[in-house]
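So the structure is just underneath, and the comments pick up after that.
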Amino acid sequence: MKMLVGLGNPGKKYSHTRHNIGFKVLEELARRHQIEKEESRYDAIVGHLRINQEKLLLVKPLTFMNLSGKAVRPLFNWFKLELSELLVVYDDMDLPPGTVRIRASGGTGGHKGMQSICESLGSRDFPRIRIGIGRPPGGAIDWVLGEFSESEKPLMQDAIEKAASAIECWVKSGIDASMNAYN
């Protein structure tokens, strides 16, 4: 079993914002593969599906971004997972828009949702996929809570699809194969 966490903020108000790109990747995976079961558990929506017979949990924390660890840790413990079985997808202002980067571990890059997860798990040693949203011309909060422009939308849709494919590769062949194929 593997757990995929897409970071975002709950509610319609935030559904199309840059900060919710992690949720969008989970939605793309749910579109590609049939969800067997969906439940609300530990401050998160959890979808269950299979890719090549591997059970995958799609987790959307219902806490706000900065408290994502509050939802992730109890699920991680409940399902008795190893750090290598967790993958987190999130936005990154330090990458150009539409860029997808896969890593086996790493820092938080100042991302509050990742900081919360790393603190709650007591480790940064788990796979992650960062999706570039670019640097803001103004304030960071307005940028991440803003929606993509019409010209950005096709680029971001390509990134969502690429990230979903990278996750499928991770499930089937591991993080090294995913990094080699999609970085």
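Backbone N, Cα and C define each Cβ position, glycine as well.
Quick look at what Swiss-Prot annotates:
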- HIS19: active site, proton acceptor (ACT_SITE)
- TYR14, PHE64, ASN66: tRNA binding site (BINDING)
- ASN9: site 'Discriminates between blocked and unblocked aminoacyl-tRNA' (SITE)
- ASP91: site 'Stabilizes the basic form of H active site to accept a proton' (SITE)
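This view paints the features noted in Swiss-Prot onto the structure.
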| residue | record | DSSP class |
| --- | --- | --- |
| ASN9 | site 'Discriminates between blocked and unblocked aminoacyl-tRNA' | coil |
| TYR14 | tRNA binding site | helix |
| HIS19 | active site, proton acceptor | helix |
| PHE64 | tRNA binding site | coil |
| ASP91 | site 'Stabilizes the basic form of H active site to accept a proton' | strand |
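A Cα-Cα distance of 5 Å separates PHE64 (tRNA binding site) from ASN9 (site 'Discriminates between blocked and unblocked aminoacyl-tRNA').
Fewest Cβ neighbours within 10 Å among the recorded positions ASN9, ASN66: this applies to ASN66. Considering only the recorded positions ASN9, HIS19, ASP91, the residue whose Cα is spatially closest to the Cα of ASN66 (tRNA binding site) is ASN9.
On the backbone, the CA of ASN9 (site 'Discriminates between blocked and unblocked aminoacyl-tRNA') and the CA of the residue listed as 'active site, proton acceptor' stand 7 Å apart. When Cβ atoms from all protein chains are considered, those within 10 Å of the residue listed as 'active site, proton acceptor' total 23, not counting its own. Here the Cα atom of ASP91 (site 'Stabilizes the basic form of H active site to accept a proton') is found 6 Å from that of HIS19 (active site, proton acceptor). Summarising the environment of PHE64 (tRNA binding site), the number of other Cβ atoms within 10 Å of its Cβ, over all protein chains shown, is 17.
The local packing around ASP91 (site 'Stabilizes the basic form of H active site to accept a proton'), expressed as other Cβ atoms within 10 Å of its Cβ over all shown chains, amounts to 25. Residues near TYR14 (tRNA binding site) in space but far in sequence (CB under 8 A, at least 6 apart, same chain), listed by position: GLY8, ASN20, LEU145. Among TYR14, PHE64, ASN66, the residues given in the record as binding tRNA, the maximal Cα to Cα distance rounds to 14 Å. For the tRNA site, the Cβ centre of TYR14, PHE64, ASN66 serves as reference, and the other residues of the chain with Cβ at most 8 Å from it are GLY8, ASN9, PRO10, HIS19, THR63, MET65, LEU67, GLY113.
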